[in-house]
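Peer 1: Below is one structure. I have some questions about it.
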Amino acid sequence: MRINPTTSGSGVSTLEKKNPGRVVQIIGPVLDVAFPPGKMPNIYNALVVQGRDSVGQPINVACEVQQLLGNNRVRAVAMSATDGLTRGMAVIDTGAPISVPVGGATLGRIFNVLGEPVDNLGPVDTSTTSPIHRSAPAFIQLDTKLSIFETGIKVVDLLAPYRRGGKIGLFGGAGVGKTVLIMELINNIAKAHGGVSVFGGVGERTREGNDLYMEMKESGVINKENIAESKVALVYGQMNEPPGARMRVGLTALTMAEYFRDVNEQDVLLFIDNIFRFVQAGSEVSALLGRMPSAVGYQPTLSTEMGSLQERITSTKDGSITSIQAVYVPADDLTDPAPATTFAHLDATTVLSRGLAAKGIYPAVDPLDSTSTMLQPRIVGEEHYETAQRVKQTLQRYKELQDIIAILGLDELSEEDRLLVARARKIERFLSQPFFVAEVFTGSPGKYVGLAETIRGFQLILSGELDGLPEQAFYLVGTIDEATAKAMNLEMESNLKK
């Protein structure tokens, strides 16, 4: 954390030293601090507790003011562990909210909630910082034009398109390809849109954060040789962190993304994994601050906290922040206040299916469960809308026929249904695609498929022009032309074997 956001280095100005306080109460991660009369810090100001613990080790704990209690006392939430703190320790009011480094120097690095690098690669080479608390862009700054954010991933662009500057919920269990999909999106936005990405790890497992970092280095999303050419900045506040850090790490990641949008005028992808943990941390802090719990024990300020984060994620006339948020649904209950509050903000949902992953169809995006508010003829055009609807109808009918096929076999179906099943199986395989970031695992070069090419490919399958081609020709290819070329190769190979 840059204690004084107006200077290039850490430190506390002489003015700030004139406003010292004292710790008077410690309740876990929540501290009560007394200040001299008339020198109370503002809400959201960063405080720093300084001193030594019982074995003489220096203590430097940053906190954020949450409440003014009266009697010259404030209540603050710690951003790191409060082990070793005692009453009477000196506290310094920094006079400003937590500020974090922003700009190109953050790419390829890992930060904590305070904007301090935690990757052992030395200090961040930037003097530019920004406070994590800001208001959402004004109405006059917003870009109200509805436009699609092309990802180059066929199943997403055709059936559940992302809105530029929108919010997408990513639903999927362990091992269905969530991380690989996230890395491919980071790669594609950098190549196709010249954009960058910010990844906020909110309250998830430290092991997963480490795995993601290693996989990003392996796939080239983070450039090991030249860190400055990396495509993503990582901000972690994992499960072992105090609730204050988990509650604010999403804002730290968002602040870094806002700089790329507002100053660099870029399109930015912001990943939040997991948005439920943001709510959960807020719930823990709320109870510690003495607020009366609301429905299901959640904080009474749930909607306000969610809104203050989500409303800053938007398109302006300068650039856009498109956010992809992993959503954990507690006990699979979609009516739980945490996911229910999140759904109100989402423009699209991408659901990953274990059944498709088991078939080896990657990305394992469920074409029938995934939805988007953008899939309307007035937004995407009649051709795109009609093609998407026909693809969904074909897949839905195939799903209905699967029980009959399992019991009686394909031969018992009518001629029309057999033809429909053959096309549905081709569509299902054509929805798969080789990824750039998975080249090291699959050996197949990655493919970016434009929207027009995607629509043309599915129209050809639906029209029946490609009924004579084998279904394996459509598996893990980019465009429809590659599928026809693959079919010719398969035919030549089978002829040679004869």
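Cβ coordinates come from backbone N, Cα and C, glycine included.
I grabbed these lines from Swiss-Prot:
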type	residues	note
BINDING	Gly172, Gly173, Ala174, Gly175, Val176, Gly177, Lys178, Thr179	ATP binding site
Peer 1: Below 8 Å Cβ to Cβ and six or more residues apart, same chain only. Which residues does that give for Thr179 (ATP binding site)?
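Peer 2: Looking at Cβ-Cβ distances below 8 Å from Thr179 (ATP binding site), excluding near sequence neighbours, one finds Glu208, Asp211, Leu212, Glu215.
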Peer 1: Using a 10 Å cut-off, grab the number of neighbouring Cβ atoms around the Cβ of Gly173 (ATP binding site), all chains included.
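Peer 2: Neighbour count, Cβ to Cβ under the 10 Å cut-off: 11.
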Peer 1: Around the ATP site recorded as Gly172, Gly173, Ala174, Gly175, Val176, Gly177, Lys178, Thr179, what other same-chain residues have a C-beta within 8 angstroms of the site's C-beta center?
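Peer 2: Apart from the listed residues, the neighbours are Leu352, Ala357, Ala364.
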Peer 1: Rank the binding-site residues Gly172, Gly175, Gly177 by how many other Cβ atoms lie within 10 Å of each Cβ and give me the one with the fewest.
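Peer 2: Looking at the binding-site residues Gly172, Gly175, Gly177, the Cβ with the fewest others within 10 Å is that of Gly175.
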Peer 1: Quiz question: given the binding-site residues Ala174, Val176, which has the greatest number of C-beta atoms lying within 10 angstroms of its own C-beta?
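Peer 2: The largest 10 Å Cβ neighbour count belongs to Val176.
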Peer 1: Long-range same-chain neighbours of Lys178 (ATP binding site), Cβ under 8 Å, sequence gap at least 6?
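Peer 2: Counting only residues 6 or more apart in sequence, the Cβ neighbours of Lys178 (ATP binding site) under 8 Å are Leu170, Gly172, Ala326, Leu352.
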Peer 1: Any idea what DSSP makes of Gly177 (ATP binding site), helix, strand or coil?
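Peer 2: DSSP call for Gly177 (ATP binding site): coil, neither helix nor strand.
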